[in-house]
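Per TrEMBL, region 'Disordered' is recorded for 1-33. Feature annotation from TrEMBL assigns domain 'F-box' to 39-79.
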Amino acid sequence: MKRGGRDSDQDSAEEGTAEKPKRPRTTQERSQPCDWGNLLQDIVLHVFKYLPLLDRAHASQVCRNWNQVFHMPDLWRCFEFELNQPATSYLKATHPELIKQIIKRHSNHLQYVSFKVDSSKESAEAACDILSQLVNCSLKTLGLISTARPSFMDLPKSHFISALTVVFVNSKSLSSL
């Protein structure tokens with residue numbers, strides 16, 4: 001028997017398929033491969049801001065997109081060097097050449113830089129070495145934080161003063177120390 005130009009058999013067949021319970025998806029169907037290289041640059045930038053220098057450098061080698069983020073000026077506006085005895089050896093392991101390249105390329109983006117050093121002479125020397133490389137920078141704030149007795153006082157005064165002189169002479173916008 002036909003109603004409205006359709007078979008009742010066809011109607012019941014369509015209703016039968018609509019009432020069938022859907023089978024649960026398998027794990028393979030639910031999970032899709034994540035392409036980390038296609039993450040939005042803002043998200044990658046936010047993550048990079050929390051990484052130490054060496055980890056940033058390694059992450060920049062993942063793909064072209066992450067390398068572009070690594071060289072974004074926003075990433076280099078604020079940077080903190082934490083130099084304590086384990087970190088000093090970590091810093092040496094980062095290859096001073098990497099630090100030189102980063103500072104050379106991004107010193108003009110640096111606006112807020114801080115150094116946290118412990119009481120060791122090595123930490124203060126590492127801070128002075130980095131400070132003396134801050135040429136062509138647009139620093140607004142420089143922080144020298146000693147977590148123990150002033151380690152900068154253990155250095156030959158000429159080393160510390162020459163490092164600070166580089167910053168003061170080359171950064172015309174420094175307003176806070």
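Residue positions begin at 1 at the first shown residue.
Cβ atoms are placed via backbone N, Cα and C, with glycine included.
Because TrEMBL annotations are produced automatically, they should be read as predictions rather than curated entries.
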Residues of the domain 'F-box' (39-79) by DSSP state, where helix covers H, G and I: 26 helix, 2 strand, 13 coil
Predicted model, mean pLDDT over the domain 'F-box' (39-79): 89
